[in-house]
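Going by TrEMBL, these are the annotated features:
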REPEAT    402-550  repeat 'CHCR'
DOMAIN    875-917  domain 'RING-type'
REGION    979-1007  region 'Disordered'
COMPBIAS  980-997  compositional bias 'Acidic residues'
REGION    1063-1085  region 'Disordered'
REGION    1108-1148  region 'Disordered'
TRANSMEM  1254-1279  transmembrane segment
TRANSMEM  1285-1306  transmembrane segment
TRANSMEM  1318-1340  transmembrane segment
TRANSMEM  1346-1372  transmembrane segment
TRANSMEM  1393-1417  transmembrane segment
TRANSMEM  1437-1460  transmembrane segment
TRANSMEM  1472-1493  transmembrane segment
TRANSMEM  1543-1564  transmembrane segment
TRANSMEM  1570-1591  transmembrane segment
REGION    1827-1871  region 'Disordered'
Amino acid sequence: MALTSWKAFRFFDVSQVRLPGGDGSVSLDQGSVSCVTAGPNNIFVGTHSGTVHLVDQTFKPARSWRAHDASVTHVKQVPDTAYLLTLSEDLSHEPELKVWSLEQTERKSGQPKCLSSITVQNGRKNFPVTGFTVTSDLAQLAVGFANGAVTVVRGDFVHDRGTKQRTVFESEEPITGLEFREANSTSLYIATTSHIRALAITGKAQGTPARTLDEHGCAVGCMTLDPHSNEIIVARDDAIYTYGPRGKAASYAYEGAKKLVSVSKDYVLIVSPPKNNYTTAAALRAFGGTQAEDILNSSSFTVLNTDLKFIAHSEALSNQVNSILSIWGDIFLLTSDGKLYRYHEKTFQQKLEIMYRLNLYVLAISLAQKYKIDAVQQNVIFRRYGDYLYQKGDYDTAMQQYLRAIDNTEPSQIIRKFLDNQHLHNLIEYLEALHEEGKATSDHTTLLLNCYAKLKDVDKLEAFIKQPGELKFDLDTAIVMCRQGGYYDQAAFLARRHNEHGLVVDILIEDLKKYAEAMAYIVRLDPKGAYQNIMKYGTVLLENCPSEATQLFIDYFTGQYRPRKDAVIVQEAPVQQESGGFTTVARSAVQNLAALIPLPSMSMTTAAPDGQGSTVSQTQVVETTTPDDFIEYDVPKPRVAFSAFIDHPDQFVIFLEALIDSEDVKAEQKTDLYTTLFEIYLHQASSSRAEEKTEWERKARQLIESKNVPIDTSNVLLLSDLEKFRDGTILVSERQGLRFDVFRSYTTAHDTRGAIRALHKYGPEEPQLYPAALAYLTSSPQVLQEAGDEVEAVLKKIDEDGLMAPLQVIQTLSTNAVATMGLVKHYLSLTVKRERDDIAANRRLIASYRSDTAQKAQDIADLATSPVSFSATRCSSCGMTLDLPTVHFLCKHSFHQRCLGIMDGREAEEEAECPVCAPQIAAVRQIRRAQEESAGRHDGFRDALGRSESRFGVVEEWFGRGVMGTLTSLAEESIARDLEEAEGEDEAAVRDEDIENGLEPTSTQEQRAQLSQHSMAGYYRRPSYIAGGLRPFLGTQQPEHIVPIEQDYDAAISEERSLLRDNNLIPPKHPRRRESGASVSSGRGLMHRVSIVGLGRKKSTQIDEAAIEDGDGEAAPGETTALLSNGDRPPVGRDPTAPYGGEDDPESIDKKWEEAVMSGKIQTTWQRETKFLARNSAPLMLTFILQNSLTMTSVFTVGHIGKIELGAVSLGSMTANITGYAVFHGLTTSLDTLCAQAYGSGRKELVGLQMQRMVFFLWTICIPIACVWLAGTQILSAIIPEQEIAVLAGRYLKVLIIGAPGYALFESAKRYVQAQGRFAATMYVLLIAAPLNIFLHWLFVWQFGWGFIGCPIAVVITETLMPLLLFIYVRFFGGMECWPGFSRKAFHNWGPMVRLALPGLVMVMAEFLAFEILTLASARFGATYLGAQTVLQSLSVLTYCLPFPISIAASTRVANLIGATLPDAAKVTGQVTIIFGVVVGVLNVIILSAARFHIPQLFTNDREVIELAAAVLPINAAFQLVDSLAAQMNGLLRGIGKQEIGGYIGLLAYYAIGMPISFGTAFGLKWELYGLWAGPAVALAIVSLSEGIYFDSHGNTATITQDPPQALPELCAQVHHRLEAFLRAEPATERLRQVQEQSRLSLRILEEALERYGLDELSLSYNGGKDCLVLLVLYLSALHSHANKAQPNHTANDPSHPPPPRLPKALRSVYIISSHPFHEVDEFVNDSLSTYHLDLARYAKPMKEAFSAYLDDYKDVKAIFVGTRRTDPHGAKLKYFDPTDRGWPPFMRIHPVIDWHYAEIWAFIRELAIPYCPLYDKGYTSLGGTTDTHPNPALKGDPGGGGVGLGGEEGGYRPAYELVEDGEERLGRDR
């Protein structure tokens, strides 16, 4: 092949190597070197002087040594060794050969060690060496000479053990090349100018003459060995030849002279000399000079790839090439002028890009395959080649390339190219290949099937889906596509082939509409597969194959199902038999199905007829099922099949009756069957007429009359009621003892006669029927008329048996206008008479008690003041006559001295007691001791308060028991001591009983005692705060207890009125006038007096008989007057024209408020809360600004003198705050408690006494404070480096000493007026003092020129004037009623005050110290930093005056709403508060950032201070946002009573995090003032975030028991209100409506139980399960109703009736622990103890033994509530009240939730958001032990069958509330 047909490329980058110059470098020009060759790692250069240089990659000689004395002409390194051979020539001598070891060196010279040196012999003929080669093992070498001789040298060259030389070839032609070819034998290839010969050196042919391989030779340097192919390459002028052991192997035509040939990797390197054209050369030399000489001397260099036949590189060189070197991965050419050129091969990717541009993809593929490129890269080439062919239109060939690249090609790229109709066959080919390779997706399958359908190629489609072997496509997709394309047979075949029986049935029914065939297929499936299909398609099969489908249901659910098996018989039948026999069978459904798809469990046999002749093959399907083929399976509960029979009642009846008659259905499962059958009977009867209806009703009656029929009574009642089947209702009610229900059925039907008969029949056994009968008989005039005299009999029975209180009777009759006065006149007269007799008896008893008490008091007085005469003559001990010495006792008993054991002449060691009276005295002392001990039981007192609705009554009771004689709180201790000291003084007017019995309640306390439970007045907190210094960081700590004052009560009522008005629950303040002028009848009051409604509103149940018999007014009522007026007249006391409709009196507001809160009608809006916060925070903002202006004025005034003075006033104020003012403020916080307690107790003069005591105490404290301030200069000089600042600050403190007493007096006086509710007094004083303070600063500092010292003088004058101004306010405007005058008692009783004040001092110091420390730290940096810090802190204090008052208003608002049980409204307030905080914070940030260069100029004129303050202000501005948020979060925590949480977080954030950050960054990182402010910013951010998270987690009110009250009554009320709201609401679903009905029924059962038994006789069985949880919530609600119903109108001031029954501290309950309990259940039960206030007794025993032990421990328990339901084991026949069975411990089992269904239980729990055991979220539906309870398998995976359950885990379980069926509830239980 000629090279002209080869493609030429430039696969090499050429660059000239810059050879190093200077000393030590090697020159490579022709005159300097004699030879150059390349080794594995180095280039060897031989010189004419005999030196050898070893050149490294830097082209510098790494080693050089003198190898020979003559010119080195040949150098060669043995491959893969460190041996180097050098050959030198000198024509006067024979050539010298040396072997060197490059690894060994000579010790002296360091040059490589010469291993051997020999002289190569040439018969003493001096000819130059023209060829030189060596074997790879250095065993032989050959040298060729120009005279045609070849000498071979053998021997040990390494160890120099001798060599042998022999001339092996001689010729007349000069030797031009030598190469050893080493294989099985070694041959020496010899080239001469005209021949190529091969000489065997070793092997069998050794010694034979050289073989001539070619009659043409080559030039010197034109022969080489290819190490890869082990072939000899020869370059001649006409071509390039390769030679192997057998001669010429290949040749490549390449015209032109050749100078050098070499091999590098896969390339053959050829250098061609300049062409010899002398004429042209001479002309060019003459014309061009030097440039022409370069052109003439140019050589060409070519790189050939002989395997792939392309030219890798070709170029012409300006100089002749002397050597070709292949080393370091590159090719080097050395020219005659010493230049070295590097040829660097391009990367494979670069080569590909070149070939891509030339569209040489075939060559690229060959190249990639030759170099064994990875498959991914080859696929890229294939794909690009395919793209190229696709563009050319060669689609078939392109597809072949795409198929080759299928492994790494995105199929969508290829598919898009062939989507058009012309190339579908190519697309099909590609898609089939994808499926064959297993790379097809469902989309590919879809597309392939669509292509088949498009081409209507059914054969290919069937071949595709019926291909044998492993499935290579997505089955579901294939089936879906076949069904969509109408290939139903193929889809059915696929589904059947892969045992997708459900899909087969679905295709037969949904697509082919072959219902009989589908039925035939289903009955041949295994039980599991058949069950799935009949449950899915049962309704359709019943519609189309009713009898067969019904029988299938019966067989399966009775356990008699057997899959049918078939055999297909292939019979060769004669032609004439075609019309008979098998033809009929083939037309059957089974035959059709078998013809379509193979049936399950089908076998095939062949039968041939006996005769011969024309036959055809016929098939027959024969059923082969035998009794032995029965497959055992779990028979499902029949209930699951009910849904399939919808709209098929006839088949349903057949199914139910068959299952009931079957003995294979379990007895416990027949309950559902009987119940459903009963329902179907009733339904059929209601839809039938005449005789058919009678027959259905007969069947229904017969069904429930049977004693062995297990139908739930509640179901019978419910169904009978729904279907109007009255016989069923009465029958079941009578049987179950539900007499109320029987009576109710008559009343519901308005059958008065029947109701009266039921009353006569059941009344003696059920007395509670009489109140119900009274309500019914007076429900309408018609009923009353039908009842006749029965009402009087009912009233008489009620009165005789005490079944109802008179007020309850009145309330019952007052519900409508049916009953008249004459109807109840006799009853009321008897009641009034009896009440009067009781009152008279009580009065007589009270009079006797009073008489006895007066007599005892008189006796005690007589004993103390009057002489006593003793007339006894006998000893009360021995009975003998008295003689001296005699001892007489005041009890009139006398004894001999000797009888008492008193010796003569000696006095008794202790006072003697009367032996007769001693036991009685001891008993009294024991009682007194017990009372004193119980006085310390604060928890008992708090518990009594929490359980009572009349808290003041509890206080009164504990006073009466004498157990509160010792006041334990510090405030009470202090007041009690004051009262004791005031005993006997006329001006104090303190009664003795005040000391003995405690403090009398004030009118406000009495008002609060009468308030309703949710009244805001009972929890009202006033929005106030007294600023005491700079800004705090912990927020305000409220006093432990503040006794409310009149203003608090009025404010609370006002807030309630406002919220009621906003919620449209009372008329507006200014209502519209009526257009009509009609006046109210004057007889209204009379009618109110005599009406039942009026009587019902009285606070006592006493009835004024005169109000009935006598009347005044226009028209006296008669016996026929209606008890309830239904006219249009407004209620008494209401005036629609008055403000708030006349309903603004406190009592009405309180009543309305209680009703609204209980019904959940109180709501608020963000607009209202915004208005409230703005209105209440504005005065506080003004007060804060005025208070802080007292110190800020000093900063503003002095700051303009200089930065020294600015720093001094800041340092002095800081020191005064920490050491003085904070002390005053902290200590006076005790007055918040003491003065408030004193004022609330009614002893107002004690308020002034407490203030005096605090003033004197603070003035005493002023002494050590003054000492500290006098030494202020010395103390500050030791702390700060700026002495001048310390001196000025010390002077400032010395002057402030004068004003300290005035400040202390003002702080105490503020508490004095605040305790009286006069919060404006302080603001009024500050409105005068603050401007005066500004004026004095201006006057003294600037006008008088006093400078710095004028500032403290102005402060002192202001501090002295402030208490005087406050005194003027008290004297002339109000507050003197609490001033007792100066008293010496102020110097006593300091102990309680001091102990109460110390915690406040610690808190205040902790609050204010954090920011003052920063001021002190800033002084360490110098006066400029202290001045800037003063500016920044002053701004922080000033801006804090905005958010802090908002937080105070928010805290009080939230506290008041929480106290009134309005958490949702409190959350709205919290949200508005946070928004307020953000707005105020952002406003501060904007102002400070925008004016940061101007604000500091207000404080000082010093440029350095201004610049530093302006630089730090951005940090201070950012600080404002988190500061504002922190203030609001502190306020919200105070509002929910968690202020201690805010304190702990603040202390941790500031002192554990903020301060270290401040000092670490300021001093450690040298951030200075920036660092000081970084700490507080981080701390406040932490405070905001932490408190926000806490408030959010503790502010959720989603669950029914979230943040439960402290006592059981509040919990019961909360649950009751929540449940009542649910029962009143319109149900969103039918299930919720059923839950409401069930709840009402259960509440009635609970109420009946509470009527029958006392609370100490009832207990609750509780195990944390869902049923017990529902029962517990219903029980709590019933307890609240029962407690309130007992005495609905009872008040604390009504002594004629006892208080309502008090609930216990905790509910009795019992927990029977499983032998293997779940820890989750135990944890949930433990949580329930505190959540629901349970007194839980635990027993880890079997149930019978546990109940027996419980009843032994609690002997008074008679009945236990049990959460059993009908679906529980042994629960089917239980009744609401059911005594225990024989052999069990005797008690009454009460089952309030017995008739609830599983889904109703969960609907109740989820609707009321009741927390439940976490196991229910993990798939458990019934809680037992860990060994017998598992997740319910019915909840396995997701509803769609995906298998993904809770948490997304494969195979998980769904929550328990997703289950619906009762019958599946216990599938997770082993028993």
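Even glycines carry a Cβ here, placed using N, Cα and C.
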DSSP residue counts for the repeat 'CHCR' (402-550), split into helix, strand and coil: 113 helix, 0 strand, 36 coil
For the transmembrane segment (1346-1372), distant same-chain residues with Cβ under 8 A (at least six beyond the ends): 1190-1191, 1193-1194, 1197-1198, 1201, 1205, 1208-1209, 1212, 1288, 1291-1293, 1295-1296, 1298-1300, 1302-1303, 1305-1306, 1309-1310, 1312-1313, 1321-1322, 1324-1326, 1328-1329, 1332-1333, 1336-1337, 1339-1340, 1379
Chain residues in Cβ proximity to the transmembrane segment (1318-1340) (below 8 Å; excluding those fewer than six residues from its ends, i.e. six or more beyond): 1022, 1024, 1026, 1179, 1182-1183, 1186-1187, 1189-1190, 1193-1194, 1197, 1310, 1346, 1350-1351, 1353-1355, 1357-1358, 1361-1362, 1365-1366, 1369-1370, 1373-1375
Sequence-remote partners of the transmembrane segment (1285-1306) [C-beta within less than 8 Å, at least six residues beyond its ends]: 1204-1205, 1207-1209, 1211-1213, 1215-1216, 1220-1221, 1224, 1255, 1258-1259, 1261-1262, 1265-1266, 1269-1270, 1272-1274, 1276-1277, 1279, 1348-1349, 1351-1353, 1355-1363, 1366, 1419, 1423, 1426
Same-chain residues near the transmembrane segment (1254-1279), Cβ under 8 Å, at least 6 residues beyond its ends: 1211-1212, 1215-1216, 1219-1220, 1223-1224, 1227-1228, 1230-1231, 1285-1287, 1289-1294, 1296-1297, 1300-1301, 1304-1305, 1307-1308, 1311, 1386-1387, 1390, 1393-1394, 1397, 1416, 1419
Intrachain residues whose Cβ lies under 8 Å of the transmembrane segment (1570-1591), provided they are six or more past its termini: 1033, 1410-1411, 1414, 1417-1418, 1429, 1432, 1470, 1474, 1512, 1515-1516, 1518-1519, 1522-1523, 1525-1526, 1529-1530, 1532-1533, 1536, 1538, 1541-1542, 1545-1546, 1549-1550, 1553-1563
PLDDT averaged over every residue in the domain 'RING-type' (875-917): 74
